[in-house]
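Per TrEMBL, the features are as follows:
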- 1-23: region 'Disordered' (REGION)
- 46-150: domain 'Thiamine pyrophosphate enzyme N-terminal TPP-binding' (DOMAIN)
- 243-360: domain 'Thiamine pyrophosphate enzyme central' (DOMAIN)
- 453-577: domain 'Thiamine pyrophosphate enzyme TPP-binding' (DOMAIN)
- ASP484, ASN511, GLY513: Mg(2+) binding site (BINDING)
Amino acid sequence: MDTKIGSIDVCKPTSSDVGSPPNGAVATIHDSTPTTAISVGSSEATLGRHLARRLVQAGVKDIFSVPGDFNLTLLDHLIAEPELNNIGCCNELNAGYAADGYARSRGVGACVVTFTVGGLSVLNAIAGAYSENLPLICIIGGPNSNDFGTNRILHHTIGLPDFSQELRCFKTVTCYQAVVNHLEDAHEQIDIAISTALKESKPVYISISCNLAATPHPTFARDPVPFSLTPRLSNTMGLEAAVEATLEFLNKAVKPVMVGGVKLRVSKATDAFVEFADASGYAMAVMPSAKGLVPEHHPHFIGTYWGAISTPFCSEIVESADAYIFAGPIFNDFSSVGYSLLLKREKAIIVHPDRVVVGNGPTFGCVLMSDFFSELAKRVKRNGTAYENYDRIFVPEGTPLKCKPTEPLRVNGMFQHIQKMLSGETAVIAETGDSWFNCQKLKLPKDCGYEFQMQYGSIGWSVGATLGYAQAVPEKRVLSFIGDGSFQVTCQDISTMVRNGQNPIIFLVNNGGYTIEVEIHDGPYNVIKNWDYTGLVDAIHNGEGKCWTAKVRYEEELVEAIKTATSEKKDCLCFIEVIVHKDDTSKELLEWGSRVAAANGRPPNPQ
């Protein structure tokens, strides 16, 4: 039986679904265009229209673009596709971040920029998407096909007749690169690029020569046949061996636990992971980068495992366990709090997207994570000891002291009010900085979205990501949390949100600098010029579209601003500038910063 999602034929098992949102998010499901293709006119039988139809088939309904002379004709033909909407962004970096946020919700995203000056500008966002395993299609309007192989020097280049600089840069942050400067193989190159992005869940690069986008060709005269991507399958013998070895390991344990990692997303294994949690009875935690990928309303959920800054009582249960099974983890210096986790390899089972490592023993390859957990759930011996221990020692967190009238607002008090805003109709976007730590402590209700960029940690990411995520899921109200330092990097595309009628609530935490950097290593470079942030957003709004701003200094002002944003201004973009003391940070950031600083400052090993 075949399943057709977003007009892409996908053979079962469902672990190989492509072009569909991760973790059971809502997607548009409809019948594929019949492959007895309809003949199209010559104005539609062009490379640009073919690419547009392919993007729609893959699940892309919106592209994020910045025009430039090399991509203008291509944009004409892309926006001529009725099912493809163009979102013009203020700069290429934000267009890439928007495609990143869009891909997190819809399962695939796309951006369109111009040659080299646009390509090298978007490159940072593409690198972030690569680190987060997001299928993102980066489309470049390239030079005229006649200029390749000549000794000509073009504008938007570094002044050399070699046009490959941009391509060489993208090779390190994409899983496939297609330079389309001949019509004869354009069809094949585009299909390989898009299908590779979907199969590998990584960004790809497609460069289209500027003189080819509008040119008809016989290969584009029919609607493209829907993709039929070969699903990845587990090796049956390897799967059985991995399950047997894991069961032997786990069933000997007295108090085993399970921890979800960020690669649950790329593995499309969340459902199988929860199935295993239901069957095993194990205490279930998530690593910080996996927040939002595992349901926090699950009866055995114990919080975020983040070493010394974990959710209260979570690290004690995980690190005291005699066996822990990690699903898709990334142990870097940030997630390990400066390499300070108290874990032992011989107690760990590490489940990667396509292999399983049991303790210090064997590695089992060609085993898909979703298949592994589904099979394990059928045979695991139930053991609720670790969760019972957690339940026994758990003490509810205290409530921050309520601010007195005219007493400056404290961040911990602010997030008590944010918690009350969350529902299945909201999503949280957390910017790099103290927003990481404060948002980690939020308890997500069922179906509440949550995204942040931990592996790459690029400040300013959240503005573009909010734009892209909100465009992908208009039925959710996006709550975005960003520090003043990060906002100064990418603030321009607030205007794109207003222009497109989006209604996120953006909380700008103004504490006068790069607070996360201060807690790692302080210096005068961490202090930034203060802006009138609400005044800036009002200027960007300029009376066009729906936008409302508020500046709050006290708790009662915050309460009133939230009430307004969620009632009479619920259809507006709401920008709430929250002014707090420069040293008002979460206790987790203080601990994390000191440990990361220690890791960064290790002296050289003796040579």
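Along the chain as shown, residues are numbered 1 onward.
Here the Cβ of each residue, glycine as well, is placed from N, Cα and C on the backbone.
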Worksheet item: Setting ASP484, ASN511, GLY513 aside, what same-chain residues sit with their Cβ within 8 Å of the center of the Cβ atoms that define the Mg(2+) site, listed in sequence order?
Response: GLY483, GLY485, VAL509, ASN510, GLY512, TYR514, THR515, ILE528, LYS582
Worksheet item: Can you count helix, strand and coil residues in the domain 'Thiamine pyrophosphate enzyme N-terminal TPP-binding' (46-150) using DSSP?
Response: 53 helix, 22 strand, 30 coil
Item to complete: Count the other Cβ atoms sitting within 10 Å of the Cβ of ASN511 (Mg(2+) binding site), across every protein chain shown.
Response: 21
Worksheet item: For the domain 'Thiamine pyrophosphate enzyme central' (243-360), what does DSSP give as the number of helix, strand and coil residues?
Response: 39 helix, 24 strand, 55 coil
